[in-house]
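Colleague: Below are the features I grabbed from TrEMBL:
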ACT_SITE  GLU115  active site
BINDING   HIS138, HIS140, HIS209  Zn(2+) binding site
DOMAIN    11-236  domain 'Class II aldolase/adducin N-terminal'
Amino acid sequence: MNEFLKADFINEIGRTADQMYQNGWHERNSGNISYLLTGSELDLVRDLKGIRVIELQCEVKDLEGKCFVVTGSGKYIKNISRDPLLNLGVIRVLKGGKQVEILGGFKDGGRPTSELSTHLLTHQERLRQDQAHKVVIHTHATNIMAMTFVHELNDRSFTRSLWQMCTESIVVFPDGVGILPWMLCGNERIGYKTAEKMKNHRLVVWAMHGVFASGSSLDDCFGLIETVEKSAQIYLMTLGKQMVNTIEDYQLKELAETFEVNYKKEYLDV
């Protein structure tokens, strides 16, 4: 595992985790990350033998044989860069998609995050939509969470409010955001509901809880979250105040067409 620890993606996971912790999104052991290994990255784990098998709460047949780096259950995001072998593990999805085997990491005998089902179901769905997909992050982005207490929980209206808060928003997330009402976490039900939303959105908001986001790289996924978070912050800063200006629908349309992004046209009244 020595070469594995030197890999760029391990350093990137640590840096991303540190930044999210500094942003205040990861109190205690909250949040989790999973990273799909592809191409030459697989050479680092190809010879590793399974240490133990874990039953899944879901079925992910499309992911058979795929390997992931995942954060551990009960682990603190802020500690990943200090001790990746303790806080991260490598897993492989076994035939049938109902089990994973641990190949390395979790040196204290730990296990993958309790949100593993949602991570794997999200990876499965996003790979169906985008072959370049690699990363899933669950985080407690503060302003997005706060916004779910004061805004109706509807994909279209929530997205419109976010788009209107920041010029770059419709360019960065033209697919909008999916919204789920409060649900019990850590089980297959919220996993399947999240994956259903991931058919049409790269970021799903869990009301009063946090977000599940996906991307083609750690930077891509983190950048998506921080853009949505900035829009939510501005929304809350202006909430209850007299609005003098806003980004109008025709201007959002102009932005999307200028930057040639495939935006949700049905979300605009133009």
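Cβ atoms are placed via backbone N, Cα and C, with glycine included.
Annotations in TrEMBL come from automatic prediction, not curation.
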Colleague: Which of the binding-site residues listed here (HIS138, HIS140, HIS209) have a Cα atom within 10 Å of the Cα of the residue listed as 'active site'?
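Modeller: Passing the 10 Å Cα cut: HIS138.
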Colleague: My understanding is the cutoff is Cβ-Cβ under 8 Å with a sequence separation of 6 or more in the same chain; which residues meet that for HIS138 (Zn(2+) binding site)?
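Modeller: For HIS138 (Zn(2+) binding site), the qualifying residues are GLY31, ASN32, ILE33, GLU115, THR118, HIS119, GLY210, VAL211, PHE212, ALA213.
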Colleague: Please report the DSSP secondary structure of HIS138 (Zn(2+) binding site), reduced to three states.
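Modeller: SS state of HIS138 (Zn(2+) binding site) = strand.
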Colleague: Around HIS140 (Zn(2+) binding site), how many other CB atoms lie within 10 A of its CB?
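Modeller: Looking across every protein chain shown, the total is 18.
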Colleague: Looking at the domain 'Class II aldolase/adducin N-terminal' (11-236) alone, can you tell me the average pLDDT?
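Modeller: PLDDT averaged over the stretch: 96.
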Colleague: Long-range same-chain neighbours of HIS209 (Zn(2+) binding site), Cβ under 8 Å, sequence gap at least 6?
Modeller: HIS140, MET145, TRP182, CYS185
Colleague: Quick check: with HIS138, HIS140, HIS209 left out, which same-chain residues have Cβ atoms within 8 Å of the centroid of the Zn(2+) site Cβ atoms?
Modeller: SER30, GLY31, THR139, ALA141, MET145, CYS185, TRP206, GLY210, VAL211, PHE212
